[in-house]
Each structure stands twice: as structure tokens, then as C-alpha cells.
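Trainee: As listed in TrEMBL for this protein:
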BINDING   CYS13, SER14, GLY15, LYS16, SER17, THR18, ARG119  ATP binding site
BINDING   SER17  Mg(2+) binding site
BINDING   ASP35, ARG59, GLY81, ARG136  substrate binding site
Amino acid sequence: MKFKRVFLIGFMCSGKSTIGKELAKSLSWKFCDLDEEVQKEEGMSIKEIFELKGEDYFRKRELEVLKLLVLEDNAVISTGGGLGANKEALELMKRHGLVVWLDVSFDAFLQRCKDVQERPLLKKSLGELKKLYQERKKIYSQAHAHIDTTDEPNKIAQRIIQILQDERR
Ligand SMILES: Nc1ncnc2c1ncn2[C@@H]1O[C@H](COP(=O)(O)OP(=O)(O)OP(=O)(O)O)[C@@H](O)[C@H]1O
Ligand SMILES: O=C(O)C1=C[C@@H](O)[C@@H](O)[C@H](O)C1
Ligand SMILES: [Mg+2]
């Protein structure tokens, strides 16, 4: 494979963690979830980090942890929703691997987020979330590949493997 790493970016609930696990399993690569790594390093949940140390601190820490993870070989790295919308982080990921934007419609995001653990950003109003969604889309769209996530996670993982194989030729 030309790429030694796959980075999954996209809005909350686009399936980065779910699809990342499937993809890593199919490739027999390592799986790293940036949100999990930051929580481990800080010894508290993202909700607690936001409450006790603030969002800016969380953003700084996720970028620092990314800078370490870009050196892992044969790794699928699922990011938090904000990282792929950070231009510095996106450029860094594009230099180190295949960056895939998992695209979720706003309506599907609203449906899916009913089932997930609390994300601090879900406290925002519907209007604020929609604005964030539209703004972030412009940056996510600079990824190497764009995949709609209406399909089942394992089929999406297979599509990413196809992209990796096509890139090898
Ligand atoms: N392709 C899919 N179709 C339907 N539901 C999905 C799909 N992918 C993920 N989900 C569901 O959406 C929810 C969020 O998925 P997941 O945690 O993987 O998203 P995420 O992109 O990692 O979110 P975050 O940015 O908040 O970490 C979960 O309940 C998961 O089961
Ligand atoms: O979209 C976001 O900004 C976030 C998404 C989650 O993955 C976490 O990284 C955190 O809740 C912030
Ligand atoms: Mg996730």
C-alpha cells in the first residue's frame, strides 16, 4: 500500500469511530481513536475536559496527540469531529496518509446523535449546529476522498480499502 495510515474525518456521528474499527480489522492495522487517546492522556472524559479545562485546551491537546499519532505505521486513525476542520491538522494528516471525509447529512446526524454518549457540542442550539456543520463541510471537503455514509459501516470500510488499493497502482 502506498499509504501507511488512513485518517477518518467528518462531523459528529458520521461514523469515524465505528467505521475506523471495521477498517482496521479488515486491514489488520492498528486502530487509534483521537478522542479515546486524549481522554486516556488526560485521565478524564471529554465532557470533563471541556468543563474543567475548556474547549481551547481540548483543541490544543487533540492536535498535540495527532502530532504523535501521525508517526504510527499501518494505522487507522479516527479523529474527533473538530480535528478535520482544523486546517493545520488537515494538512498534517494529508502529508502522512490517506484522509477520508465521512459525510453524514444533517438529518442523519440528528438521528444518530440520539444514541450516543454526551458530546459537549450537542448543547448548542439547532441553528448553531447547522452553521457549524455548513462551515466545517468546506474544510472537510479538502480531504483526499469523500464518502457518503448512508451505507452500512462494513460496506463503507470496504470502499475505503478499494481506494487504498487504487492508489497503489
Ligand atoms: N453508516 C452508519 N449508518 C448508521 N449508523 C451509523 C453509521 N455509522 C455510525 N453509526 C452510528 O452513529 C453513532 C455515532 O457513530 P460514531 O461514534 O462512530 O461517530 P463519530 O464520527 O466517531 O462521532 P464523534 O465525532 O462524535 O466521535 C453510533 O450510534 C453508530 O452506531
Ligand atoms: O465535533 C466536535 O468538535 C467534537 C466531536 C467529538 O468527536 C469530540 O472530539 C468532541 O466532543 C468535539
Ligand atoms: Mg468518534
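Each residue, glycine too, has its Cβ placed from N, Cα and C.
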Trainee: Among residues ASP35, ARG59, GLY81, ARG136 annotated as binding substrate, what is the maximum Cα-Cα distance? Answer in Å.
Mentor: 18
Trainee: Any idea what the Cα distance is from ASP35 (substrate binding site) over to SER17 (ATP binding site), rounded to a whole Å?
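Mentor: Spelling it out, the Cα of ASP35 (substrate binding site) and the Cα of SER17 (ATP binding site) are 9 Å apart.
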Trainee: Express the distance between the Cα positions of GLY15 (ATP binding site) and ARG136 (substrate binding site) as a whole number of Å.
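Mentor: Roughly 16 Å, rounded to the nearest whole number.
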Trainee: Work through the binding-site residues one by one (ARG59, GLY81, ARG136) and name whichever has its CA nearest to the CA of THR18 (ATP binding site).
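Mentor: Nearest listed residue in space: GLY81.
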Trainee: Find the shortest Cα-Cα separation between LYS16 (ATP binding site) and the binding-site residues ARG59, GLY81, ARG136, and name the residue that gives it.
Mentor: GLY81
Trainee: Taking each of the binding-site residues GLY15, GLY81 in turn and counting other Cβ atoms within 10 Å of its Cβ, which one has the fewest?
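Mentor: If we count Cβ atoms within 10 Å for the binding-site residues GLY15, GLY81, the smallest count is at GLY81.
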Trainee: Report the binding-site residues (CYS13, GLY15, THR18, ARG59, GLY81, ARG136) that meet this criterion: Cβ distance to the nearest atom of ligand 3 under 6 Å. Use sequence order and write none if nothing qualifies.
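Mentor: Listed by sequence, the hits amount to none.
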Trainee: Under 6 Å from ligand 2 by C-beta, which of these binding-site residues make it: CYS13, SER14, ARG136? Sequence order, please.
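Mentor: Qualifying residues: none.
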Trainee: So what sits near CYS13 (ATP binding site) in its own chain, CB-to-CB under 8 Å and at least six residues off in sequence?
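Mentor: Expected: VAL104, ALA108, PHE109, ARG112, CYS113, VAL116.
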